Amino acid sequence: MRLVLLGPPGAGKGTQAERISREFGIPKISTGDILREAARNGSELGLKAKGYMDKGDLVPDDVILGLIEERISSDDAANGFLFDGFPRTIAQAEGLDRMLSSRGVTLDVVISLDVTEENVIERLSRRYVCSECGRVFNLVTKAPARKGLCDACGGKLIQREDDRRETVAERLRVYNEQTDPLRGFYRQRSILAAVDGNGTLEEVYGRIRREITRGISP
Ligand code: AMP
């Protein structure tokens, strides 16, 4: 099963992707997570990407496509995967098409998580991540057991550089301009499933689950 989770920053893609990955047994491939880890490790890719990320801009398509090509070639992606935060431009979607068709496979479902802009801004302002392992928390809906500390590794929780108010406005602008057109791109192929992303984590997951099950049934 090959899935894409599409939606603006703060729509809840990462959290929902983790659940889908667990239930359906496919790896979650998040380009944002890969780039943040590379930045934490100070690798060449990380240093290059950080400049774009901190400003809320997109990392160049060729860098992202190279990274995806490598990632989907790993053994754990042989039976499917779930993309979170990729593709983000039409050029990336076309690049993905080429990679998949050269492997003789296609995408099954593209889930578009639709959330109001008001909701997105509120969610991003409450999002904290572990500075050590990258786990994500939300001060209201997914609070850590110990204030300011990661449940998984005890690392310090910090706000993402790009979740600051000024950068959020830029990320939303970039999303509307470059990523939102992908909904039309996949709608034309009849693989787009629009899901209401407003509500509790459970409510939204229930809606996503229904769409996935419908999309992959014969
Ligand atoms: P995310 O965690 O998905 O919100 O991504 C955080 C940042 O990483 C974005 O604002 C971009 O700077 C960069 N990024 C992640 N995925 C992509 C992608 N598919 N294309 C370009 N830039 C990306």
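For all residues, glycine too, the Cβ spot is worked out from N, Cα and C.
Annotation note: Phe137 (ATP binding site) sits in a strand segment as assigned by DSSP. Taking Cβ-Cβ distances under 8 Å and a sequence gap of 6 or more within the same chain, the neighbours of Phe137 (ATP binding site) are Arg127, Tyr128, Val129, Cys130, Ala143, Pro144, Cys150, Asp151, Leu157. Per TrEMBL, ATP binding site is recorded for Gly10, Ala11, Gly12, Lys13, Gly14, Thr15, Arg127, Val136, Phe137, Gly199.
For 30-59, the entry in TrEMBL reads region 'NMP'. Mean pLDDT of the predicted structure over the region 'NMP' (30-59): 93.
Secondary structure from DSSP puts Val59 (AMP binding site) in coil. Every protein chain shown contributes to the tally, and the Cβ of Val59 (AMP binding site) ends up with 19 other Cβ atoms within 10 Å. As annotated by TrEMBL, AMP binding site applies to Thr31, Arg36, Asp57, Leu58, Val59, Gly85, Phe86, Pro87, Arg88, Gln92, Arg160, Arg171.
Per TrEMBL, the feature region 'LID' maps to 126-163. A Cβ distance under 8 Å defines the sequence-distant neighbours of the region 'LID' (126-163), meaning residues of its chain 6+ beyond its ends; these are 10, 14-15, 33, 36-37, 40, 53-56, 171, 200-201.
According to TrEMBL, the domain 'Adenylate kinase active site lid' annotation covers 127-162.
Cβ-based neighbour count (10 Å, all protein chains) for Cys153 (Zn(2+) binding site) stands at 12. Annotation note: Cys153 (Zn(2+) binding site) sits in a coil segment as assigned by DSSP. Taken from TrEMBL, the feature Zn(2+) binding site covers Cys130, Cys133, Cys150, Cys153.
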Annotated binding-site residues Gly10, Arg88, Cys153, filtered by Cβ under 6 Å to ligand 1: Arg88
Cα-to-Cα gap, Arg160 (AMP binding site) vs Cys153 (Zn(2+) binding site), nearest whole Å: 18
Beyond the site residues Cys130, Cys133, Cys150, Cys153: chain residues whose C-beta lies within 8 Å of the centroid, for Zn(2+): Ser131, Glu132, Gly134, Arg135, Asp151, Ala152, Gly154, Gly155
Of the binding-site residues listed as Gly14, Cys133, Cys153, the one whose CA lies nearest the CA of Arg88 (AMP binding site): Gly14
Rounded Cα-Cα span from Phe86 (AMP binding site) to Cys133 (Zn(2+) binding site), Å: 21
